[in-house]
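**Student:** Pasting in a structure now, in structure tokens, and then I'll have a few things to ask.
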2 protein chains.
Amino acid sequence: MEANASNNNMQQSHSHSCLEITMEVHKVVPPPPTSSLKKLKTRLKETFFPDDPLRQFKGKSLKKKWVLGAQYVFPVLQWGPNYNLKLLKSDVVAGLTIASLAIPQGISYAKLANLPPIVGLYSSFVPPLVYAVLGSSRDLAVGPVSIASLIMGSMLRQEVSPTKEPVLFLQLAFSSTFFAGLFQASLGLLRLGFIIDFLSKAILIGFMAGAAIIVSLQQLKALLGITHFTKQMGLVPVLSSVFHHTDEWSWQTILMGFCLLVFLLLSRHISIKRPKLFWVSAGAPLVSVILSTLLVFAFKAQNHGISVIGKLPEGLNPPSWNMLRLHGSHLGLVIKTGLVTGIISLTEGIAVGRTFAALKNYRVDGNKEMMAIGLMNMVGSSTSCYVTTGAFSRSAVNHNAGAKTAVSNVIMSVTVMLTLLFLMPLFQYTPNVVLGAIIVTAVIGLIDIPAAYQIWKIDKFDFFVLLCALLGVIFISVQDGLAIAVGISIFKLLLQITRPKTVVLGNIPGTNIYRNLHHYKEAVRVPGFLIWSVEAPINFANTTYLNERILRWIEENEAEEDEKKQPSLHFLILDMSAVSSIDTSGVAFFKELNQTLENKGVELVLVNPLAEVIEKLQRADDIRDFMMRPESLYLTVGEAVASLSLTMKGQSSSSV
Amino acid sequence: MEANASNNNMQQSHSHSCLEITMEVHKVVPPPPTSSLKKLKTRLKETFFPDDPLRQFKGKSLKKKWVLGAQYVFPVLQWGPNYNLKLLKSDVVAGLTIASLAIPQGISYAKLANLPPIVGLYSSFVPPLVYAVLGSSRDLAVGPVSIASLIMGSMLRQEVSPTKEPVLFLQLAFSSTFFAGLFQASLGLLRLGFIIDFLSKAILIGFMAGAAIIVSLQQLKALLGITHFTKQMGLVPVLSSVFHHTDEWSWQTILMGFCLLVFLLLSRHISIKRPKLFWVSAGAPLVSVILSTLLVFAFKAQNHGISVIGKLPEGLNPPSWNMLRLHGSHLGLVIKTGLVTGIISLTEGIAVGRTFAALKNYRVDGNKEMMAIGLMNMVGSSTSCYVTTGAFSRSAVNHNAGAKTAVSNVIMSVTVMLTLLFLMPLFQYTPNVVLGAIIVTAVIGLIDIPAAYQIWKIDKFDFFVLLCALLGVIFISVQDGLAIAVGISIFKLLLQITRPKTVVLGNIPGTNIYRNLHHYKEAVRVPGFLIWSVEAPINFANTTYLNERILRWIEENEAEEDEKKQPSLHFLILDMSAVSSIDTSGVAFFKELNQTLENKGVELVLVNPLAEVIEKLQRADDIRDFMMRPESLYLTVGEAVASLSLTMKGQSSSSV
């Protein structure tokens with residue numbers, strides 16, 4: 001829309017008389033010719049390889065290329081050779097810290113997924129090892145996470161009861177994990193990672209808060225000691241179940257649960273207020289497990305209404321590839337569960353990786369991370385692990401504890417291994433109530449009210465999406481809430497295309513600048529011109545609307561003409577600077593518009609059409625001739641107005 | 001992007017020395033404050049009432065408002081009072097012409113939908129009367145159409161056999177019609193008419209061609225005289241069915257069919273070559289029905305392998321509201337069929353109405369038309385009619401025959417009524433082969449190869465969508481082909497947002513104009529600046545991409561710096577003219593980008609952010625301070641470059 005110095009002052013009575021040099025009008029040139037194949041190539045590259053991952057290979061020797069390739073697949077080869085004792089020291093501290101968090105959380109989250117507690121520990125052993133070799137984030141602490149556990153448990157429970165058919169349930173869980181991994185790895189391999197972008201931050205905040213509420217409500221079973229609890233997840237059935245079984249409430253459990261909750265929340269509060277004291281909240285779960293276990297053991301509290309975990313098998317992960325059910329009756333359920341848990345855990349893992357990478361100023365390749373997380377889950381599914389990913393809370397602890405590389409995951413994994421081998425009998429008397437308290441403390445951090453308030457302040461529609469996700473999760477179901485929120489977000493995007501913004505421009509007096517009349521109050525309309533700017537691609541979804549809208553502008557203009565407020569319209573200038581693309585419907589739109597305007601005696605002028613638009617208009621036989629004439633094509637609005645004003649004056653003076 | 005005359009020539013060594021007056025920089029002002037409620041109101045109005053239908057009521061007296069309101073609901077009140085004998089004369093001619101087409105077509109299309117032939121005549125009697133009162137198009141000829149008939153027949157046949165359970169099939173057809181009407185009327189009433197825009201022209205051309213092929217193949221049954229014909233619709237099963245029953249081929253039928261086809265296609269050809277002879281093709285179907293019926297009657301050909309329609313009941317439409325099955329086992333099927341046939345027939349009706357309105361220079365209100373067509377089908381469903389709409393071929397004949405108002409529909413309707421009352425016995429010996437020939441001739445016009453070629457020429461992706469619709473309809477099923485094509489179109493729209501166009505701008509020498517470096521070859525980069533333009537809203541779907549893309553630009557720039565091809569980067573100018581909106585993710589994007597650039601010692605400058613973008617950036621506490629400073633906010637790229645070049649020079653000269 002810029003205009004040259006010289007040409008606007010013609011029709012405007014300015015003081016700088018020396019500006020009145022010959023008017024220069026800049027031509028709109030067609031873009032340099034490129035073949036369809038080359039265009040397709042560029043398009044595919046921008047779609048699937050925006051980060052140009054092969055860039056680093058350019059101009060390197062063959063050997064170097066091999067080394068770089070191996071480093072690309074196994075990031076461990078990048079930092080491994082430079083690893084030293086100092087880094088190891090930091091990683092050991094961080095690894096032990098997250099292990100103390102991972103063991104109680106692993107047991108708790110497995111219960112959340114209706115799986116045997118031991119599976120939570122298995123899942124904290126193998127996947128971190130795989131990630132240490134394949135993953136590119138230095139801060140991610142890998143293991144089971146609350147939301148994916150919740151979703152897997154609730155989706156599988158719709159068809160199979162974990163208490164009546166525990167083996168089948170376990171088989172389905174491993175199979176879902178396999179499909180989750182397969183799906184994640186495929187997304188990365190096919191470079192379709194952008195699909196997770198559709199889970200916007202607003203959706204995630206609402207979704208996480210809803211899930212946290214659902215998860216916390218489920219813990220009322222453990223915290224109140226209720227034995228007959230509903231199998232449903234919704235707010236209403238859970239609350240009614242709680243208050244219909246008040247006779248089952250156990251005061252011993254409630255007392256213990258209350259004390260543990262206060263302790264855990266307090267330690268969490270301390271760590272939030274003073275980040276240096278991160279170890280307080282990191283160690284608190286393990287401390288409360290030990291304390292509550294000792295208490296139960298000392299007072300034989302299991303006989304006084306406090307339920308305990310019970311005996312857990314010793315030993316490392318048994319193989320489970322023979323348990324994968326990749327065909328048969330529950331295949332649909334397993335694939336669906338894998339898809340939903342896969343995408344949710346992927347979103348969390350990638351977001352966590354990116355957050356800490358940004359903090360430490362290194363980069364994480366999203367598509368590569370997806371492959372790493374996917375492979376990790378596929379390996380996990382055949383070694384008795386369920387869905388794992390990088391957890392936000394644990395990675396934060398890892399980061400604060402000074403983790404330098406993925407070795408901290410290895411340390412954690414080794415610690416879990418030792419626990420599995422030697423310490424399992426100690427958990428026999430661990431009360432379920434402490435697991436409930438640990439889960440509640442963990443998920444309460446997912447309710448991010450300040451972020452929700454910021455979203456409310458900035459964008460009301462995003463807040464609406466957030467609310468939909470939140471309420472959908474609480475009142476309908478976890479996966480439906482998510483689907484509704486994503487659906488609404490996509491509907492909004494489509495609506496933005498279907499009803500694009502259109503703006504009438506006016507001249508800012510004394511300049512060559514044309515801006516929105518409603519925004520820049522000093523801007524004035526140029527008599528005889530309607531200057532219109534469309535701010536979206538013109539395509540099948542909006543040509544009908546644009547046609548109606550433009551006719552309304554012209555009719556409003558005619559109404560004003562009748563009231564003698566406006567001289568009659570001669571030119572409709574369409575500023576195309578923001579029309580990034582066009583399709584066949586868009587081409588037809590111009591044909592029709594030109595026809596309509598001709599009937600009304602108005603001339604259509606295009607300003608600054610972009611390369612793609614020019615190309616497509618040129619290719620349409622019946623439009624090229626009248627749209628691509630130099631007299632109806634200008635580079636800037638200023639030049640168009642200046643040049644056309646002259647012809648207008650010429651006409652009116654000759655007719656006088 | 002325009003810039004004032006005075007300020008660019010500072011840093012460029014131009015000849016006009018008198019231009020060096022004091023540099024004037026125009027401020028970006030925040031848009032005038034509007035409440036969220038008012039914004040919502042404007043947004044809703046633009047979304048649902050872009051044509052502002054209440055505009056005509058403004059400032060009118062109460063009585064006038066009532067009259068206008070009644071005219072709005074019943075367009076017949078607009079043209080009725082001025083109706084005269086001359087108009088009637090034209091309408092009678094047109095009405096009789098389309099009746100001669102409607103009677104054989106009605107019988108044929110009903111057979112296509114697996115319904116008794118008489119239903120096709122019923123459907124040509126009541127709906128046109130309803131439309132004459134409610135519809136606003138003057139050229140639409142209402143009745144059953146081939147594609148909706150095909151879809152209804154094939155969808156219902158998936159669950160219910162029309163030969164084994166004819167009554168149930170009929171009930172389902174009427175119920176589907178009711179839901180189709182309900183859906184159409186609701187779309188109009190809720191002003192959601194834009195939904196049909198998602199059936200782009202490319203999709204429709206592919207879909208119609210595919211449907212025409214499917215329909216023509218189905219006619220091989222009648223044209224070859226096969227009795228054992230497949231119940232499936234796909235290309236493969238139909239062809240294999242045809243060639244597995246060569247023993248059933250009847251030479252008498254084939255001979256008659258061939259002659260009739262040649263006659264009909266020839267008359268169609270004549271009318272296409274000479275539009276004035278429209279009556280040749282309009283009358284040909286009736287002539288061939290009469291001729292073939294006489295032939296059969298004379299030679300008793302029904303005993304020689306030529307199948308005939310058989311006895312049809314006399315009398316007008318029986319009521320059918322007691323046949324509507326609005327609950328029960330087949331409800332899902334009925335609703336789905338209603339939805340698909342409803343939207344397809346609506347699309348055809350609206351498109352036809354708009355086409356002829358544009359030709360005669362009057363306007364058709366899409367949402368109002370939808371209500372008229374919807375009500376017509378709801379009334380139809382309770383008077384033994386199945387789905388009807390404005391058919392393209394018949395409306396073209398109506399237009400060519402000189403129809404002036406909807407009275408031509410009334411004339412047609414009366415003619416059909418007389419046929420129903422008195423002429424039904426005459427159809428007893430009408431051979432099925434003539435119906436097949438009529439259908440083939442009618443649908444062959446739906447294959448629009450020149451239009452497909454135009455689409456191929458203009459937009460390869462649109463052609464790809466067309467092909468998907470075509471092949472999907474032929475090889476999978478009618479509704480799946482349609483769904484796939486719509487899905488791909490929407491995916492493309494989303495991809496345009498997920499991967500928006502981004503462009504590096506350069507200065508066109510000697511001007512203040514900045515344009516795409518790849519398009520305008522004369523444009524040059526300004527040293528020390530990276531001028532970047534994003535041509536899409538910035539939102540959750542593309543912030544990750546934009547971040548990666550911008551980093552790549554900067555890194556490429558750094559690589560060039562190292563090779564001493566470029567001076568180091570000082571400023572990243574983001575031209576926001578084409579960023580029509582932004583959401584919370586977009587706001588976060590700016591925060592992150594600013595952080596990244598600061599680390600690299602590059603300053604971020606925004607040019608011409610639009611009203612919505614300014615508002616949202618202002619509302620974010622942590623961004624407002626650094627993004628909304630006057631020194632990083634300019635109205636045009638030219639002014640930004642001019643002003644920042646000065647500071648850059650100032651810095652470098654002071655550091656020397």
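Using N, Cα and C of the backbone, Cβ positions are placed for all residues, glycine too.
Sharing the record's features from TrEMBL:
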TRANSMEM  B:115-133  transmembrane segment
TRANSMEM  B:168-190  transmembrane segment
TRANSMEM  B:202-229  transmembrane segment
TRANSMEM  B:249-266  transmembrane segment
TRANSMEM  B:278-299  transmembrane segment
TRANSMEM  B:405-427  transmembrane segment
TRANSMEM  B:433-456  transmembrane segment
TRANSMEM  B:463-491  transmembrane segment
DOMAIN    B:519-644  domain 'STAS'
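In terms of burial and nearby residues, how do these features look in this structure?
**Tutor:** Within the chain, the transmembrane segment (B:115-133) has long-range Cβ neighbours (under 8 A, six or more residues past its boundaries) at 74, 76, 102-103, 105-109, 140-144, 153, 162, 166, 169-170, 173, 309, 312-313, 316-317, 372-373, 375-377, 379-380, 383-388, 390, 406-407, 409-410, 412-413, 416-417, 419-420, 424, 427, 435.
Only residues 6 or more beyond the boundaries of the transmembrane segment (B:202-229), in the same chain, are considered here, and those with a CB under 8 A from a CB of the stretch are 112, 146-147, 150-151, 235, 238-239, 241-242, 245, 248-250, 252-254, 257, 261, 305-307, 347, 351, 432-433, 435-437, 439-440, 443-444, 446-448, 451-452, 455, 459, 462-463, 465-474, 478, 481-482, 485-486, 489.
Nonlocal intrachain contacts for the transmembrane segment (B:249-266), taken as residues 6+ away from its ends with a CB within less than 8 angstroms of a stretch CB, comprise 222-226, 281, 284-285, 288, 292, 295, 301, 304-307, 431, 433-434, 436-438, 440-441, 444.
Same-chain residues lying 6 or more positions outside the transmembrane segment (B:278-299) and placing a CB less than 8 Å from one of its CB atoms are 97-98, 100-101, 103-105, 256, 260, 263-264, 267-268, 270-272, 306, 308, 396-397, 400-401, 426-427, 429-431, 433-434, 437-438, 441.
Counting same-chain residues at least six beyond the ends of the transmembrane segment (B:433-456), those with a Cβ under 8 angstroms from any Cβ of the stretch are 104-105, 107-109, 111-112, 117, 146-147, 201-202, 205-206, 208-209, 211-213, 215-216, 219-223, 225, 253, 256-257, 260-261, 264-265, 268, 284-285, 288-289, 292-293, 306-307, 309, 393, 462-463, 466.
Away from its own ends, the transmembrane segment (B:463-491) comes close to residues 150-151, 154-155, 198-200, 202-207, 209-211, 213-214, 233-236, 340, 344, 452, 455-456 of its chain (Cβ-Cβ under 8 Å, at least six residues beyond either end).
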